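Enquirer: The structure under discussion is supplied below as structure tokens; questions concerning it will follow.
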Amino acid sequence: MQPPIVVLNGTHHDENTIKQFISHFFNFHVLSMIGLNVFGGVLIAVHKSIRSQRVAKFNNLPNIIVLEIGSDSDMFQSVTCYSPPAESIPLDLFDRLLQHNPNSIFTGDLNAKHSSWSKSIENQKGRALFNWLSSSQTHTSLKIINNVEINLKQNSLGTTRVSTNNTTSSTPQITLNTSQLSSSEDKQLNESSETDEMKCSDNEQTPRTVQNIEEVKNNKASVWKHFDQLDENVYMCQLCYKSIKIMNHNDCNLRSHLGRQHNMPELMYNSQRQQLIPKPSQIKPEKKRELHEAAIDCIITDGRSFNDFRRPGMDKFLNVIYPG
């Protein structure tokens, strides 16, 4: 049985894909809207047997489609929204939509994670959505409905779907849907990921004491809380929104990024911190030639031995006045 309404997020502005979708769903009215980033774009397909129309006042907004579905007596509002990871959820717009029609269903990929509905690490967008949901009676009547808990080992993005509930219970029933990354999206992330992070030593010492083990656990948690997972091996820094690629769930690149870019050396491995120690300045070739000629002139003028400048005391003195 075909679903009466189909919602897609992250359509990538690919007109050929949308045309192919329309050719398969010829019994549906298909509406789409572009987004503002490479992953953006939304699409809604409504079966032709269902009465629906677009809400004119909310037309032409990127990453969002608003429909009125049904007859006047039981009309409800269907909203789908894609919220990019680096942008805030348009909660002010959601309020306007609820004012227009409180009988609403919100679907989409909001990139919002919170402990109330996800086992993944909370992010700022999740906290903002959680606070918004509990900020008024209208908001608390919303019930979050999802069907699949996100699995951090899957190649997926968390998608939050929010729909209305006739009760005013503030205890939401929460799950999460997932949407697969396409190959082009995966390529985009790989190209934007950091490749010059500091390597960590293969000889990192394993803590032996209970106290050290606890410290390592806390330290590890404090690393991951600064990142949102975009893919199985790609994470986005919440501080600068940069995508960073990791390998085999190793947090080495994440630690290096926090230490180098955000002045958090305490989160780095010992071998990475050692790489931060400034190295003695190297003498430029032209300056080295100048010093070499001056040394030869000094030896000839004073009739000194060529070994004088290689003696430990002289070598130490020269390194003080000109390191390197």
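Each residue, glycine too, has its Cβ placed from N, Cα and C.
TrEMBL annotations: computationally assigned, not manually curated.
Positions annotated as compositional bias 'Polar residues' by TrEMBL: 172-183. Under the heading domain 'BED-type', TrEMBL lists 218-262. According to TrEMBL, the feature region 'Disordered' maps to 161-207. Annotation source TrEMBL lists transmembrane segment at 26-46.
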Enquirer: For the domain 'BED-type' (218-262), jot down how many residues DSSP puts in helix, in strand and in coil.
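Expert: Output for the domain 'BED-type' (218-262) reads 17 helix, 12 strand, 16 coil.
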Enquirer: Quick one: mean pLDDT on the domain 'BED-type' (218-262)?
Expert: 82
